[in-house]
C-alpha cells in the first residue's frame, strides 16, 4: 500500500534529509539532493537531527507494537486454553509471561548467576567477565559494578538482611562485600584448591558455606574470615550449595550425579540422593507453601503416606527435574520437558509452581500439583544459566550465556 505524504510533510522530510546529509559530511550528495528537491542552501535549526529522532521513534514504536502483539497473543492463547485471565488470577497464581519487561546488557561475558536483594528493589548479576553488577529491577537502571575478582564470578548470595553480599570465583577466592554503604570488599577468604562454584549464607548470617571443584564444602566465619569446617564426601566437582531456611541442614549437588544433605553443625552427611543419571547442576529448597501441591502429586504416583519434608528440587544435565523428600531420601516427582541441561530452579513463593532455566534457551513454569509444564518462555538467544523468583514482588529474573539479564513481570 503506497503511503501519500502531504506537501508540508514532503517539505519537512526533504529538509530533514538535507540536514542529515550535511551534518554527516555527504557534501556531494547534499548538493545534488538540494538541486533535485529544489531546496535553499540555508537549513533551518528546527530540522537539526530530525531524521534521527524520527527514525529512533519508529524503532521505539515498533518495539511497543511487538510487545503489545505478544501480550495479545498470550491473552488469546489463555482464552482458547481456558486458563484464568489476569483479572481472575490471584497473586499465588501469577507466573512470568512474555515479553520481558527489561533486557539488561552491560556484561562482557556469560551471566553465571542472578539474584534479588531480599529487601530493596535491587538485583545482582555475576558474570564470567569477573564483575558483579547491581541493577534496579523496577526501572531497569544500572546502578554500579563490584570489581575485585580476577576470574569468572560463579555465584553470589545475600545474608538475610541484605547487608552483606558473598561472591565466589574461579580465582579460588570467596569475597564479602559491604552492601550498605561503601560497596567495598571487606573480606577475602582463601582455602579451596580449585574453582569455587557456589556460596550461601546460613540464616543467622554468621557463617558462609562454599562449594568447590576440589570436591569439598567449607564453612567460613564471617567475623574473622576463618575456615571453621570442611565437609567431604562428594567424589567430583561440587556444583551448588543451598541452606534450608531453618539453617540446621544444607544441600549440595555434584558432578558425581548425587545430591547430599548435610547437618550444618557437624560434618555428617544426613542423606545421599542418587536417582539422576548425569551431573546435578542446581538445587532449590521448597517453601512450606509447596508441601500440599507436592504431596498431592506424590499421592497420584502412589508414594505412600503424607510426606513431611523438607522438600528439595534438583535439576540435572540428564534434562530432568526431581523433587525429593529429604527426610526419607525419596524422589517423589520427576518433571520431564526440557531439551537440554537444567541450569537453574526457583520456587514460586505461593508454592504452586516451580520455574526452571535450561540450556535449551527456555524458562519453564511447572504446575507441581499436576506435574506438567504449563508455560514455556523462549527467553534468551543462548543457554539460560540462572533464574530467581522474588519473594514479595511479582518478578522473575534470568541470566544467559548471551550476556543479558532479563526481568519478567508475573501476572
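Including glycine, each Cβ sits where the backbone N, Cα and C put it.
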28-55, 56-83 - the range that Swiss-Prot marks as coiled coil: 56-83
Secondary structure composition of the repeat 'WD 1' (106-147) [DSSP: H/G/I, E/B, coil]: 0 helix, 25 strand, 17 coil
Tertiary contacts of the domain 'LisH' (9-41), as residues 6+ beyond its ends and Cβ separation under 8 Å: 47-52, 54
